[in-house]
Amino acid sequence: MKNITILGATGSIGTQTLDVIRKEKEELKLVAISANKSYKKVIEIIKEFKPKYAVLMEENAFKIVEDFCIDNKIDTKVLKGMEGMIYISTLEEVNTVVTSVVGMIGLVPTIKAIESGKDIALANKETLVVAGELVISKAKEHNVNILPVDSEHGAIFQCLRGNKKEEVKNIIVTASGGPFRGKKKEELIEVKPEHALKHPKWNMGRKISIDSATLMNKGLEVIEAHFLFGVDYENIKVVVHPQSIVHSMVEYKDGSVIAQMATPDMKLPIQYALNYPNRKESQIEPLDFYKISNLTFEKPDMDTFLPLKLAYEAGEKGGVMPAILNGANEVAVDLFLKGKIEFLQIGDLLQECMNKFYKSMEATLENVISVDKEVREYLGKKYDI
């Protein structure tokens with residue numbers, strides 16, 4: 001029996017993680033959850049799974065859930081804020097922490113979980129992007145597994161199993177291309193949030209949907225892959241694959257290319273991470289090769305989708321530059337969703353902040369938190385948020 005904590009239990013990945021646990025109750029037990037303010041969903045989770053702990057970040061939501069548990073004589077202990085997140089990430093009985101919160105908020109709980117010897121099922125891209133070197137070194141120090149919970153890195157992880165790192169030539173990360181695949185810059189001037197939120201293949205949260213539309217999501221995955229698999233940026237390639245059947249590939253020096261293929265369904269990488277190193281009975285629709293008419297691959301347009309190009313630049317620059325990129329992107333996406341900037345301005349703001357805030361400093365926890373704060377305060381004042 002594996003005991004699980006889910007950080008971000010009410011979001012897209014968190015909800016699908018609950019689906020996996022629901023179908024594997026003999027092997028997986030939900031011990032603790034966190035959420036921002038979706039108290040109704042938290043109450044439903046408490047009713048069904050009866051976790052020992054629930055954490056709410058927002059004060060009012062915390063009080064509502066706490067009152068519900070008291071009134072209904074439910075034993076779930078309700079905690080709040082970052083202290084609560086860290087507490088449930090370091091519980092002695094927990095084996096694996098699923099980090100599916102969005103943004104920088106997942107960084108400190110993830111590091112604390114690693115220091116407590118927990119395996120990490122990592123769905124929070126930002127953690128590795130801003131502090132990859134620190135996270136990976138901590139994981140090695142404490143002998144814990146960092147298990148990627150996304151289709152691309154989960155695929156690469158599987159393609160590498162049983163092979164030697166020195167035999168790898170290239171990692172090939174596939175991208176659906178998002179809702180604007182094939183469009184040029186001039187065609188994206190009038191894009192509104194509702195257009196960018198319509199992903200052709202995946203059901204995702206709002207922030208990651210916008211990242212997918214700008215190809216920033218793929219840029220973050222390139223930086224993640226660098227840290228997760230120890231591969232240089234020049235050997236990490238992005239290929240647009242609109243069918244989303246091939247989830248990523250590894251090219252070896254003898255010319256062999258190993259690809260992981262499956263129906264596009266996030267429950268597969270979630271299930272694989274939670275049960276690692278074992279495989280369990282499938283919870284997704286099997287891949288039917290007779291129904292696949294063709295598989296196509298294209299080169300990404302980095303001029304139109306500037307954030308992908310900037311992610312490579314930030315990764316190669318290293319230090320705190322990925323943290324600057326990430327902080328600027330989180331704010332820029334929020335500004336776009338609120339109608340305060342245009343779609344193409346997202347890339348412009350990333351470039352502006354990378355130029356303005358770069359400092360030659362090591363990516364320590366203190367440094368990345370500090371530069372992230374600087375970027376957010378600057379954009380906050382600029383756009384009065």
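Just so it is clear, glycine is given a Cβ too, placed from its N, Cα and C backbone atoms.
According to Swiss-Prot, the NADPH binding site annotation covers Thr10, Gly11, Ser12, Ile13, Lys37, Asn124, Glu126, Gly205. Within 10 Å of the C-beta of Thr10 (NADPH binding site) we count 21 further C-beta atoms, all protein chains included.
Taken from Swiss-Prot, the feature 1-deoxy-D-xylulose 5-phosphate binding site applies to Lys125, Ser151, Glu152, Ser176, His199, Ser212, Asn217, Lys218, Glu221, supported by sequence analysis. In the three-state DSSP scheme, His199 (1-deoxy-D-xylulose 5-phosphate binding site) is classed as coil. Other C-beta atoms found within 10 angstroms of the C-beta of His199 (1-deoxy-D-xylulose 5-phosphate binding site) number 18, with every protein chain shown included.
The Mn(2+) binding site annotation in Swiss-Prot covers Asp150, Glu152, Glu221 and is backed by sequence analysis. Residue environment of Glu221 (1-deoxy-D-xylulose 5-phosphate binding site) contains 30 other Cβ atoms, counted within 10 Å of its Cβ in all protein chains.
For the recorded Mn(2+) site, residues Asp150, Glu152, Glu221 set the reference point as the centre of their Cβ atoms, and the other residues of that chain within 8 Å of it by Cβ are Lys125, Pro148, Ser151, His153, Gly154, Val173, Asn217, Lys218, Glu224, Ala225, Ser248.
Gly205 (NADPH binding site) sits 13 Å from Asp150 (Mn(2+) binding site), taking the Cα positions as reference.
Put simply, Asn124 (NADPH binding site) is 11 Å from Asn217 (1-deoxy-D-xylulose 5-phosphate binding site) when counted between their Cα atoms. Counting neighbouring Cβ atoms within 10 Å of each of the binding-site residues (Gly11, Gly205), the lowest count belongs to Gly205. A distance of 9 Å separates the Cα atom of Glu221 (1-deoxy-D-xylulose 5-phosphate binding site) from that of Asp150 (Mn(2+) binding site).
Asn124 (NADPH binding site) falls outside any helix or strand according to DSSP and counts as coil.
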